[in-house]
Amino acid sequence: LALNPWDVALCISGTIISCENAIVVVVIFYTPAFRAPMFLLIGSLATADLLAGLGLILHFAFVYFIPSEAVSLLTVGLLVTSFTASVSSLLTITIDRYLSLYNALTYYSERSVTRTYIMLILTWGASICYGLLPVMGWNCLKERSACSIVKPLTKNHLSILSVSFFTVFAVMLQLYVQICRIVCRHAQQIAVQRHFLAGSHFVTTRKGIATLAVILGTFASCWLPFAVYGLLGDYSYPALYTYATLLPATYNSMLNPVIYAFRNQEIQKVLWAVCCGCFSSSLPFRSRSPSDV
């Protein structure tokens, strides 16, 4: 096959995604202090994005060096599983942030840990089921007219994935609106109790809203074009449109470590300690709520 520049761009994107998220996974896995629910969810997100990056690399390698329909089904199944788990992990992090504010007094309990494991099981269970569908026979290798914009996924399969994205985005939007209201109310109460000026309350509220806007804006701008095109597009459309919407979607996995992991002060401490050669798994940490992540 002639080398497609879009495939090269996806492979490069996958390489960057793999390197970034591998750092997060290693730091969380080898640091016993990172066993709180919020770090488990960040680890789940990083694992999903790491698999997505590896899937993009493997897809490029197999397409150009070992072309095979069976291998194509496996790599596409891996990509569907990993990207679905990534989007679902973003939803679980949002739920965890909301509960940490809504039930602040009971958040640090065994119930929170149990709830986190249940969310992880549901997230990865559903993602694996989605990814196994092409391998189990729900593909368009024998009926080209049933193909979606992403071969060998069927139009119905991709439509389900697109609708699932819109559902996740709607739930995240609603939860972040509630989080914003809680944060604004708390900031106002603190300002009144401590006799702060109205300006300080405004600055705190504005920073919180700006953070939430960045989170939702990044997620929507990366995935929305591909989700819309997945519903409206057809297999007969030029492949250029698919690449032009799929490549930005991969950027979400590239930005997730920056938004959810590298901004966390505890993870920053470990990374600096590793860079300085003084890593210790017993580094002191300050307890932080997920809303601070």
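Yeah, the Cβs are placed from backbone N, Cα and C, and that goes for glycine too.
According to TrEMBL, the features are:
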type	residues	note
TRANSMEM	6-31	transmembrane segment
DOMAIN	20-260	domain 'G-protein coupled receptors family 1 profile'
TRANSMEM	38-66	transmembrane segment
TRANSMEM	72-95	transmembrane segment
TRANSMEM	116-138	transmembrane segment
TRANSMEM	158-177	transmembrane segment
TRANSMEM	209-228	transmembrane segment
TRANSMEM	240-262	transmembrane segment
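When Cβ-Cβ distances under 8 Å to the transmembrane segment (240-262) are tallied for each of 6-31, 38-66, 72-95, 209-228, the top count falls to 6-31.
Counted over residue pairs separated by six or more positions, the transmembrane segment (38-66) shares fewer than 3 Cβ pairs under 8 angstroms with the transmembrane segment (158-177), which leaves the two as not touching. Sequence-distant contacts of the transmembrane segment (116-138) (same chain, at least 6 residues past either end, Cβ-Cβ under 8 Å): 37, 40-41, 44, 48, 73-74, 76-82, 84-85, 88-89, 91-92, 95-96, 152-154, 157, 160-161. Comparison of 6-31, 158-177, 209-228 by number of C-beta pairs under 8 angstroms to the transmembrane segment (72-95) places 158-177 first.
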